[in-house]
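Chemist: Below is a structure I'd like to ask you about.
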Amino acid sequence: MFTSTGSNGFYKAPLSKSLLLVPSAISILLTLLFQHYQKFFAYNLQAVKEDFQIWRLVCGRTICLDLKDTFCSTLLIYNFRIFERRYGSRKFSSFLLGAWMLSAFFDLLLVEITQYVFGITINSLPSGFLGPVFALFVPFYSSIPRVQVTQVLGHFSITNKSLVYILGLQLLTSGSYIWILALSGLISGICYNSSMLKVHRILCVPRWVAKIFSWTLEPVFSSAEPTNEVRVGMGATVDIQRQQRMELLDRQIMMSQVAQMRRQRQQQGGMINWNRLFPPLRHRHNANYQDHPSEQGIPPPTEVSEEQVARLMEMGFSRGDALEALRASNNDLNVATNFLLQH
């Protein structure tokens with residue numbers, strides 16, 4: 001699983017903790033005790049368009065009225081808390097705010113397109129904070145490395161991200177029109193992350209608002225620092241310290257996965273014939289010393305990221321093997337890691 005160990009919990013992720021606890025508690029109360037108030041949290045598009053009840057775009061898109069949706073969305077928020085740790089609460093909240101506002105527009109647009117193309121009239125959509133949750137799959141897909149954990153039946157790969165995708169699929173199939181929320185959320189996440197549209201510069205949480213919430217809510221939802229975590233050097237700023245700690249957590253997760261993959265490789269043997277893609281590193285390394293080819297006519301080697309080299313060296317690989325793997329894989333950390341594990 002992608003998440004870090006349970007002892008770390010919501011350390012440095014107070015916003016994720018509040019999004020998990022508060023809406024879930026309200027959803028349970030509305031389901032068990034206050035059913036007559038559920039109508040105020042219904043995502044009724046007909047009331048929005050005909051009666052101009054704009055407030056439903058806020059209430060109807062915050063609290064889930066289906067406990068299955070509540071359960072799946074809270075598990076996904078728990079997994080996505082790594083982004084708050086990595087980017088900081090202000091940037092993470094800006095992403096959620098931008099995705100939440102954009103997805104409201106795309107919800108209405110997709111409903112109109114569905115009615116125009118297929119003749120299907122949709123008066124209401126599933127309630128809850130679902131648009132931003134689906135939007136978080138965009139940075140999850142693009143920025144979290146994919147590391148194979150095991151294989152099922154010798155053909156189907158299980159990675160550190162598989163469980164999160166399964167949860168997303170379960171949430172996607174929990175309602176009739178929840179695919180509209182999923183699609184609008186994904187589009188919103190792509191638009192917000194786009195460097196061309198510059199949406200993140202417009203839809204962001206102001207610093208003074210972030211400071212107010214930091215003073216008032218962070219003490220309530222903050223979690224204690226894990227006692228079993230190795231300390232890192234002090235950075236010059238809070239952002240640097242946060243980044244250092246998140247990098248340490250990422251390394252710990254990946255190193256544990258690498259150790260598990262090595263044990264499985266010893267028991268089951270290699271699963272992928274990477275020699276079909278490029279020759280073994282050690283053979284090429286020895287050939288460089290034996291042949292001494294002329295440097296004339298040889299294209300310059302691909303520049304590699306020292307950060308990726310350092311991450312591979314922390315997993316136990318030599319610097320030479322790490323450099324060769326990254327060059328051969330065109331700086332793809334996932335391919336380089338899998339290649340080194342198979343040799």
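Note: Cβ is positioned from N, Cα and C throughout, glycine not excepted.
So TrEMBL lists these for the protein:
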| type | residues | note |
| --- | --- | --- |
| DOMAIN | 303-343 | domain 'UBA' |
| REGION | 286-305 | region 'Disordered' |
| TRANSMEM | 20-37 | transmembrane segment |
| TRANSMEM | 95-118 | transmembrane segment |
| TRANSMEM | 124-142 | transmembrane segment |
| TRANSMEM | 163-187 | transmembrane segment |
Chemist: Using DSSP, how many residues in the domain 'UBA' (303-343) fall into helix, strand and coil?
Modeler: 28 helix, 0 strand, 13 coil
Chemist: Please give the sequence-distant neighbours of the transmembrane segment (20-37): residues at least 6 beyond its ends with Cβ less than 8 Å from one of its Cβ atoms.
Modeler: 10, 62-65, 67, 70, 74, 77-78, 128-129, 221
Chemist: Could you pull out which residues elsewhere in the chain have a CB under 8 Å from any CB of the transmembrane segment (95-118), counting only those six or more residues past its ends?
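Modeler: Non-local partners: 15, 19, 45, 48-49, 57, 61, 83, 87, 125, 129, 131-132, 134-136, 139, 180-181, 183-185, 187-189, 191-192, 199-200, 203-205.
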